Amino acid sequence: MDAIKKKMQMLKLDKENALDRAEQAEADKKAAEDRSKQLEDELVSLQKKLKATEDELDKYSEALKDAQEKLELAEKKATDAEADVASLNRRIQLVEEELDRAQERLATALQKLEEAEKAADESERGMKVIESRAQKDEEKMEIQEIQLKEAKHIAEDADRKYEEVARKLVIIESDLERAEERAELSEGKCAELEEELKTVTNNLKSLEAQAEKYSQKEDKYEEEIKVLSDKLKEAETRAEFAERSVTKLEKSIDDLEDELYAQKLKYKAISEELDHALNDMTSI
């Protein structure tokens, strides 16, 4: 009997243990079902989150593509602007070289004009000397005319003084011959002076024509210098505009680079979050 009671107790105990295990199994089953439901909900949520992340990734990829295209366009514009600036620098250099050559030609023309003015001054001084000589010759001729008048007066007085005629006549004739020789000599010198005066006059006319020619050239050089100065100002204005354009492009490039860097950081954060989500799903 004791053995049966003992066995009955053991069976009862086993039954109670079995009931406890059944209840525990039921509880574990319910907990597993709840955990499964929770995991399914989390999976659906993660799938939705993954879908949203993929959509956002597509959006950021498109934005990144647009940013890259804008960056390439900005780089192309910057390259074109640099080429324009280089071209302007070459044009400015050519204009400066042409201006230097024009200044050299102007300096040469001014030097020649100064030499021509000096030659004209020397010719003018020569003219004054010639005029002074001619005036002296005229004074001599006037004196000779006076002497000739005196000789004629003496000849008229010879009729009244016959005794003195022979002696004075010889003297008068001799004086008259000398006076005529001096008069002929003066006439020859006057002819030479007139010829020299014509030569000097022609030289002065030639110098005046040459001076006028240099004046015209000087006006032409001044006009060329003015045109070159205007071109230089225009080139400087265009160069300043190109520099401002390059500055704006550089700022745009910097802004795009900052935006691209921010997008990269955002993309990196999203990628890390997506990796964590995938790892969580894998571990589940």
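Positions of Cβ are set from backbone N, Cα and C atoms, glycine also.
Straight from Swiss-Prot, the features:
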COILED    1-284  coiled coil
COMPBIAS  12-38  compositional bias 'Basic and acidic residues'
MOD_RES   M1  N-acetylmethionine
MOD_RES   S45  phosphoserine
MOD_RES   S174  phosphoserine
MOD_RES   S186  phosphoserine
MOD_RES   S206  phosphoserine
MOD_RES   S252  phosphoserine
MOD_RES   Y261  phosphotyrosine
MOD_RES   S271  phosphoserine
MOD_RES   S283  phosphoserine
REGION    1-38  region 'Disordered'
REGION    116-136  region 'Disordered'
Count of other CB atoms lying within 10 Å of the CB belonging to the residue listed as 'phosphotyrosine':
10
Between Y261 (phosphotyrosine) and S45 (phosphoserine), the C-alpha gap once rounded to whole angstrom:
30
Integer average pLDDT (0 to 100) for the coiled coil (1-284):
65
